[in-house]
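Participant: To start, I am sharing the structure in question, which I have written as structure tokens.
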Amino acid sequence: MTSMKLHIVALCIIVSFLVNVQSTRIMDASSDCEFKGPCHKKEDCYDSCGVNKPPFNNAICVPGRDSFQCCCILS
């Protein structure tokens, strides 16, 4: 029984580590996003990313380290 609990705890630690590594990769400076401030939904990013104005960027709201961030997709 104790061995089973130890395996579950170890698995949870490994999974949380992998999630942290993935979120760090999302905020990588070499990505196709230009991060421009906080958001709750993608519509919050339209003004800061210049959606519907040349050069017609796309915007999404992605999870960051502490909150959601606007990701202006570079074309």
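Using N, Cα and C of the backbone, Cβ positions are placed for all residues, glycine too.
Here the structure is a predicted model, which means the values were calculated and not measured.
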Participant: Check Swiss-Prot and name the cysteine among Cys12, Cys49, Cys61 that pairs with Cys39 in a disulfide.
Facilitator: Cys61
Participant: Out of the disulfide-bonded residues Cys45, Cys49, Cys71, give me the one sitting nearest to Cys33 (disulfide bond) by CA distance.
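Facilitator: Smallest Cα separation from Cys33 (disulfide bond) among Cys45, Cys49, Cys71: Cys71.
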Participant: I need the most crowded of these disulfide-bonded residues: Cys33, Cys39, Cys45, Cys49. Count other C-beta atoms within 10 angstroms of each C-beta and give me the top one.
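Facilitator: Top count of Cβ atoms within 10 Å goes to Cys45.
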Participant: Looking at the disulfide-bonded residues Cys39, Cys61, Cys72, which has the shortest Cα distance to Cys49 (disulfide bond)?
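Facilitator: Of all the candidates listed, Cys72 is nearest in space.
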